[in-house]
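Here the structure comes first, spelled out in structure tokens, and everything after it is commentary.
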Amino acid sequence: MLEDLELKDTPIVILNFKTYLESTGERALELASICGDVADETGVNMAVAPQHMDLHRVSDAVEIPVLAQHIDAVDAGGHTGSILAECARDAGAAGTLINHSEKRMQLADIEWVISRMKELEMMSVVCTNNVMTTAAAAALGPDFVAVEPPELIGSGIPVSRAEPEVITGSVDAVKKVNPEVSVLCGAGISTGDDMKAAVDLGAEGVLLASGIILADSPRDALLDLVSKV
């Protein structure tokens, strides 16, 4: 499934648009286009996770992978208000975030969505909060786990500086459990130094949001982010 996305042999940056007005509607298109341009200019893998209502328009506008922010563990049928995997796929999503700290899921539902992503040949990115949950998530066989200590999310304090042992411990744990799973890190990542430190600690990329979305110049912030990897 990842082979179909034609990811390069470089770190990956996944930008989560969350529900910021700065990354909604037309601004979602602008931000996704910036990510695509930076990916072309630098050779670093980029992916974006816009709000569900923007999935179709964003995926139509860019060549980089577009992910859903969440998919529910439901089949087609009577599940009003739920996000259906097939619907996200048909809207252009190449995969989904799972279990973000702002959208927690039960273990059985996490496993269900990962399995559904495999069936639909879509990418799965499971978010975790510490080494133990990262190891547990890796056992379920997603494509990526993204470890983010929740207290650092949006703080401007990078996990690679505040809690580097979370990254190294997660990388070591995943290698033991399922070496096919790639480890990302997030929480407070916003600069080139932050990302370089994360990669040096063993992460294969980053998941981030506000450090880019709320920057005075998202383009300049992205270029700085990938400038040292």
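Cβ coordinates come from backbone N, Cα and C, glycine included.
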Given that Swiss-Prot records ASN16, PHE17, LYS18, GLY188, ALA209, SER210 as binding substrate, the matching residue among ILE64, ILE71, ILE153 is ILE153
Excluding its own, the Cβ atoms lying within 10 Å of the Cβ of HIS100 (active site, electrophile) add up to 24
In all the protein chains shown, the tally of other Cβ atoms within 10 Å of the Cβ of ALA209 (substrate binding site) is 23
Counting every protein chain shown, other Cβ atoms within 10 Å of the Cβ of GLY188 (substrate binding site) number 25
Across every protein chain in view, the count of C-beta atoms other than its own within 10 A of the C-beta of PHE17 (substrate binding site) is 23
